Structures are given as structure tokens and as C-alpha cells.
Amino acid sequence: MAPNCMNMKWRKEVLTFLDFLPLKPEHQQLIVDAGALTHLVELLKRHKSADNSRAVNGVVRRAADAITNLAHENSGIKTRVRIEGAIPFLVELLEHADNKVQRAAAGALRTLAFKNDDNKKQIVECHALPTLVIMLRSEDTAIHYEAVGVIGNLVHSSPHIKKEVLLAGALQPVIGLLSSSCSESQREAALLLGQFAAADSDCKVHIVQRGAVKPLIDMLDSSDVQLKEMSAFALGRLAQETHNQAGIAHNGGIVPLLSLLDSKSGPLQHNAAFTLYGLVDNEDNVADLIMAGGFQKLQDGEFIVQQTKDCVAKTMKRLEEKIHGRVLNHLLYLMRVSERNVQRRIALALAHLCTADDRKVIFLDKNGLDLLLGLLESGSLKQQHEGSVALYKLATKATPVSPVDAAPLSPTPQVYLGEQYVNNPTLSDVTFLVEGKRFYAHRICLLASSDAFRAMFDGGYRERNAKDVEIPNIRWEVFELMMRFIYTGSVEVDIDIAQDLLRAADQYLLDGLKRLCECTIAQDISVENVSLMYELSEGFNAMSLREACILFILEQFDKLCTKPWSSCLIQRIMPEIRNYFEKALSKPANQS
């Protein structure tokens with residue numbers, strides 16, 4: 001065998017060894033310190049020799065591959081490669097007749113350009129861009145994959161290079177790679193378009209005009225998580241322009257983006273959420289998103305990272321800001337003419353998003369309340385959950401304070417005798433007999449307190465002229481508290497005595513005391529006793545307590561559903577729930 005052939009074979013074997021050697025950083029440095037780079041650059045020059053044989057091409061290709069391996073994730077060696085003068089020869093090799101050599105050279109340049117500004121600058125100065133742009137159009141997937149990778153690393157964090165790449169005509173071939181049979185090329189192209197879109201508004205528009213939206217949306221349905229992530233990233237950047245927002249939605253982007261909110265990949269989930277945030281900035285997209293169940297997806301989604309949670313919160317706020325004018329009118333039209341599921345989705349969203357001024361129109365005049373109540377009566381636990389959450393939200397908007405706190409005060413101002421006259425025989429003109437004990441009272445105070453006492457002492461009852469009045473059905477401590485309220489206008493009501501005191505207050509028509517009792521009892525409502533509390537409110541016409549029970553049932557609906565008696569309770573109180581909302585929603589917004 002001739003000496004040159006033997007040397008060539010030896011070099012190929014060494015280069016092959018470097019190709020397959022899994023290099024650690026310390027091993028990379030040892031090889032470079034031993035002078036390997038100088039020899040590798042000399043081998044790159046071989047492509048200029050007259051002997052452009054298969055063996056020479058193999059050596060040149062392996063030399064480029066060896067540089068890639070040595071410089072991989074090693075910024076110091078990347079700089080050494082440039083100092084040794086390898087970059088100009090690698091750029092020349094991009095035009096080599098052998099596709100494998102082209103690919104190897106592009107792979108080396110890709111590695112050298114990654115996070116190394118000086119290397120990027122020299123690659124561009126060596127006029128690599130025109131050749132790289134041509135390579136983007138290659139039918140060889142390996143070549144256009146490496147070419148788009150080089151360009152991606154060149155433009156990363158380099159706005160001036162980004163402009164030069166666009167001037168070199170890279171935009172359309174990069175868009176073309178979105179339809180490549182190579183998913184890795186598609187992924188790199190989508191990432192690159194996202195980087196292009198950050199340059200300026202014009203570029204965002206040009207990307208869409210040149211046909212990028214449809215293939216990007218198609219990529220959202222890929223089984224490749226990284227491909228979906230890069231596609232959503234690009235669409236998120238494009239969605240920062242008004243007309244692009246409408247175009248992405250029109251081309252069917254909303255539904256697959258909503259589906260990606262269920263992804264277990266944090267970056268993919270975030271990119272989808274960010275894109276949706278952009279889309280809802282356009283009023284033309286709001287109804288489409290709500291019709292597709294987007295509000296429920298955003299509301300119920302389990303988001304992995306805090307950044308995504310913040311993005312979703314901003315999206316919900318942006319949606320809320322859009323629910324007025326033509327958007328609201330469009331939604332109300334759809335709530336009237338669409339199929340039942342869509343009507344319900346709209347009603348659910350509006351319960352959370354509408355303003356106080358629009359509540360009556362939406363839920364009374366346009367029958368939104370019927371849709372929400374229908375969900376509550378549905379046989380589907382999911383629909384019941386959604387309905388109860390929406391109704392509770394609507395209730396808290398309509399009545400921002402608790403029903404007990406919101407109860408009206410007595411319309412008649414009252415003057416009280418004071419604490420010192422409670423059970424005081426001084427000037428007493430009537431005595432009550434309670435459990436065999438005397439309680440001294442004053443008619444003037446009792447007459448002023450309620451219609452019941454006025455009827456007792458001014459009407460035709462026997463108590464009118466009686467000195468002693470027997471009270472057979474009230475315990476002493478309950479009666480004493482009731483009288484203390486009559487004399488002072490206030491009293492501390494403990495939960496242990498609240499129900500008995502409520503009965504007494506109802507019997508003697510003491511509305512103020514009744515409210516105090518209802519307030520105390522309402523604090524004690526639980527999943528286990530809410531049914532009994534509701535019965536109590538019915539028995540003593542305790543409207544505030546009844547409303548508190550309704551709100552509790554709506555708020556704790558999921559827990560109540562586990563109880564065997566829950567369905568009967570819900571059916572029983574449905575008329576009262578309707579009455580509650582009709583009354584609350586009929587009030588002007590400033591009186592809610």
C-alpha cells in the first residue's frame with residue numbers, strides 16, 4: 001500500500017476514534033492541549049487539494065465532526081477553534097460537492113456559533129449566510145436540519161445578525177421547513193420563526209402573510225412534545241399583533257391550544273397559555289374561545305409553574321375587560337341561538353366575567369339564570385359543579401356582603417330604657433312568670449319593642465289588664481336574653497342558645513333580635529347540618545338564614561353531593577334559589 005494511502009487510513013482511524021469517544025470536558029481539554037486543533041485545521045484544508053477523492057472527503061468530514069465533538073458545550077475550546085483559523089475553512093466546506101461534508105461542516109459551525117458572539121460574527125463575516133439560506137431549501141433533510149440549526153444559533157440573542165439573516169432571504173425557506181418530513185427541522189424552523197417574530201411588528205405580519213400559521217397550528221397536534229412546544233412558542237410571538245391574533249383563531253388555533261393546557265410539560269403548557277393570552281386581546285376571538293370551553297379550561301386547569309398561573313390570571317382579567325359592547329352582544333346572541341352546550345358555556349363564563357351593570361340583562365332578561373339552574377339540576381356531577389361555582393360567583397357579585405349582614409335595619413328608630421331597668425322592680429307595671437320565677441318589666445318599653453307586645457297590652461287579650469303574665473313555652477335564660485335586647489337593643493347570642501332565642505324572637509316579632517340569632521346560627525352551618533338549618537329558616541321565616549343556607553349549599557356543593565340526602569335537598573330548595581337570584585339580580589348595581 002502506498003505511503004499516502006497508509007497515512008490517510010491512519011488519520012481516518014484516529015478521527016473515527018475521536019468521533020465516537022464520549023468526551024468529558026477534561027478529556028476535551030487534554031486533546032486540545034496536545035495540539036489536535038492545529039492538525040484538524042490542516043485536515044480541513046485538504047478539500048482544496050487536487051485529489052478530491054472519496055478518502056480525502058472522508059478525512060475532511062471526520063475532521064469537522066471531531067471539531068464538533070471537541071467544542072461541544074466548551075466555550076474555551078470554541079474560542080480556540082476560531083483562533084486556530086478553522087471557521088473560514090468550515091464555511092468554505094458548506095459549498096462542498098459531497099453532501100456529507102456539507103452536513104459535517106454545518107454541524108461544526110452550529111456548535112461553534114452557540115453562545116459565542118465572536119464566533120457568530122466571524123461566521124457571518126465569512127459570508128456563510130447566502131450558502132446557509134440555499135441549504136435551507138435542500139431536499140436532503142440532514143442538510144436543511146443542520147443549516148436551520150446554524151442560523152438559529154447565529155440569531156439567538158443577536159438582533160443585528162437576525163436582520164442580516166432576514167435580508168439574506170431566509171424567511172420563506174424557513175417557513176417552508178415547517179412542512180419538512182424531518183420533525184427536528186420543523187422544530188428548529190418554528191423556534192427560528194419565534195425569534196424572527198420578536199424583531200419587529202412588520203416581521204410578525206410577514207411571517208403570517210407568507211403562510212406560516214396553518215403549518216404551525218397543524219404542528220400543535222403532533223405527538224412530539226418538543227415540536228408542539230416550539231410551535232406554540234412561535235404562535236405566541238405572532239399573537240402579539242392584532243390581525244395575526246384573528247388569523248390564528250380563524251385558522252383553528254384556539255381548540256388545539258386549549259388542549260395543550262392539559263399537558264404535563266411545563267414549557268409546553270406555558271407557551272400555549274401565553275399564546276391564548278395574546279389571542280384574547282382581540283375582541284373577535286373572545287366569543288370563539290368561550291364557545292370552545294376556553295373559560296372552563298383556564299378556570300379549572302392545573303398549571304405546573306407559577307409563571308403559567310400568572311399568565312392565566314392575566315388572561316382571565318383580559319377576558320373580563322372585553323365583556324361589554326359588541327362582544328357582550330355577540331355572546332348574548334349566541335346564548336340564544338346556539339346548541340345547549342354552547343349556551344351553557346357562555347352562561348358559565350358570563351357569571352364570572354360580566355360587570356354588575358350587565359347582570360340583570362344577561363341572567364334575567366336573556367334567561368342566563370335558567371341555564372345555570374339547569375346545570376344544577378343536571379345528572380352530571382361535572383355540570384352540577386360548574387353550575388354551583390358559577391351561581392356562587394354570581395351570588396357574591398350580586399350580594400358582596402353576607403345575607404345576614406345585609407338584612408335591613410328596623411325602619412322605626414327606637415329609644416331603649418337601658419341595662420339598669422332589666423328585671424328591675426322599680427316602676428315595674430307588669431310581671432312575667434317564667435319557670436316559676438318573676439321577671440319585672442315595664443309596659444312602655446314592651447309596647448315600643450314590637451307589634452306582638454302592643455297587641456298583648458293594647459288589644460283584647462287577657463294580658464291587657466293582668467298584673468302577672470305567665471310565659472309557658474320559653475326557658476328563663478332565653479326570656480331573660482330577649483328582654484335584655486328589648487331594653488338595650490343589643491345582646492351577645494351564643495350558638496348554644498341561638499335557636500331557642502330565634503323561636504322567641506319570631507314569636508314576639510323582634511326583627512332585630514331575630515337578625516342577631518340568624519347571624520350566629522349562620523356561622524355554625526356545616527355540610528352535616530345545612531338541611532336542618534334550612535328547615536329552621538323555613539319554620540321561623542328567617543330569610544337571612546335561608547339565604548345563608550343557599551349560599552353555603554352553592555359554595556360547598558361538591559362536598560354535599562357525597563351525602564345521600566343531597567339530591568332531595570337540592571330539588572326542595574330550587575324554587576328558593578331561583579327566588580333568591582331573581583331578587584338579588586333585580587336590584588340596581590349600586591344597591592347590590
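For all residues, glycine too, the Cβ spot is worked out from N, Cα and C.
The average pLDDT computed for the domain 'BTB' (428-495) is 87. Per TrEMBL, domain 'BTB' is recorded for 428-495.
TrEMBL lists 35-85 (among others) with the feature repeat 'ARM'. DSSP labels the residues of the repeat 'ARM' (35-85) in these numbers: 40 helix, 0 strand, 11 coil.
Outside the repeat 'ARM' (85-120) by six or more residues, the chain places 37, 40-41, 44-45, 47, 52, 57, 60-62, 64-65, 67-68, 71-72, 75, 78-79, 126-128, 131-132, 135, 140, 142-143, 146-147, 149-150, 153-154, 156, 158, 161 with a CB less than 8 A from a CB of the stretch. The annotation repeat 'ARM' is assigned in TrEMBL to 85-120 (among others).
Feature annotation from TrEMBL assigns repeat 'ARM' to 127-169 (among others). Sorting each residue of the repeat 'ARM' (127-169) by its DSSP state yields 33 helix, 0 strand, 10 coil.
The repeat 'ARM' feature in TrEMBL is assigned to 211-253 (among others).
The repeat 'ARM' annotation in TrEMBL covers 252-294 (among others). The residues of the repeat 'ARM' (252-294), classed with DSSP into helix (H, G, I), strand (E, B) and coil, number 31 helix, 0 strand, 12 coil.
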Query raised in the report: Taking a Cβ cut-off under 8 Å, which residues six or more beyond the ends of the repeat 'ARM' (127-169) line up next to it in the same chain?
Result: 91, 94-95, 99, 102-103, 106-107, 109-110, 113-115, 117, 120, 176-177, 180-182, 184-185, 188-189, 191-192, 195-196, 199, 203
Query raised in the report: Using DSSP, what's the helix, strand and coil tally for the domain 'BTB' (428-495)?
Result: 32 helix, 14 strand, 22 coil
